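S.K.: Dumping what TrEMBL says about this protein:
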type     : residues  : note
TRANSMEM : A:6-26    : transmembrane segment
TRANSMEM : A:38-59   : transmembrane segment
TRANSMEM : A:71-91   : transmembrane segment
TRANSMEM : A:98-122  : transmembrane segment
TRANSMEM : A:142-172 : transmembrane segment
TRANSMEM : A:184-204 : transmembrane segment
TRANSMEM : A:210-236 : transmembrane segment
């Protein structure tokens, strides 16, 4: 018969231990979010510090955790490909406002991205942080890939993106009201483009048209950033 | 059904990975896979039930899939602490300006288009 300590060590070193902890922490975050309906309690933002604390208490490092949860990590690629389906379905909605959407996407998207880089540079951030902040308006799986591609860090991008989404969902409606934006399509477009999925779920509460345009602009902004930002950065570094 | 949709998603992801190495090193593999998937759906003109089932299931749990990479933030404590003010200010200011700007621009473009349609 083994001791209690040996049993505990066996549990800790089981290949499924950290997968289980991740599932538990996520459901804790989800329950908190559904109970309160507050954007600050976004499940990713709640479960991340919980897991960081658990890993620290267990005396492990991130590399160990990442290896242990690789069954979850490997799904990120197919999930990114799966973003093509809502994008395709939303594309069919674009017809009525084709030019407004295209102009707003290119001008507004370039403006938002350039401003993030410029502000970070003015405030004296490291180049690594600057490149991680650049894709902060797009949905996490795309932002993580793009950040890594242009010299940033995927993990930080995921957190910056969540933070931006939460800020957008909380202050977006108020900012849009004081700027006199009341057309539902424009309202949704702004929320989806700058606050991705978190902004889109807030726009859905506002109405069907706002929600549809938020979903559309989130998909398009993700696609445009994924295609244009790495291109722009590699042109810039060539100069 | 679910398995067939999942197979398509993985197929496009692998195709993207191959093309990334072969032709397009500046675009990440899954992004190329996503673009190809959109092109494929446009050609087909519809989303098959198996693909929509697999994609719906994966996207429903997307936040959970995003937790492990987000935990990676723990390896960058020093970098965040060094630039904390710059990061927070950049995120807050750029959102406060670009969100209303996008809404204002879209609203102006819509009103302009409607004005032209009326005249």
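Every residue, even glycine, has its Cβ placed from backbone N, Cα and C.
Whatever TrEMBL says is automated annotation, not expert-curated.
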S.K.: Near the transmembrane segment (A:38-59), which residues from the same chain, at least 6 beyond its ends, have a CB less than 8 A from one of its CBs?
M.R.: 12, 21-22, 25-26, 28-30, 32, 65, 140, 158-159, 162-163, 165-166, 169-170, 198, 202
S.K.: So which of A:71-91, A:98-122, A:184-204 has the most C-beta pairs under 8 Å when paired with the transmembrane segment (A:6-26)?
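M.R.: So the stretch in question is A:71-91.
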S.K.: Against which stretches of its own chain does the transmembrane segment (A:184-204) lie, if we need a Cβ under 8 Å and a gap of at least six residues from its ends?
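M.R.: The answer is 39, 42, 97, 100-101, 104-105, 108-109, 112, 137-140, 161-162, 164-169, 172-173, 176, 210-218, 221-222.
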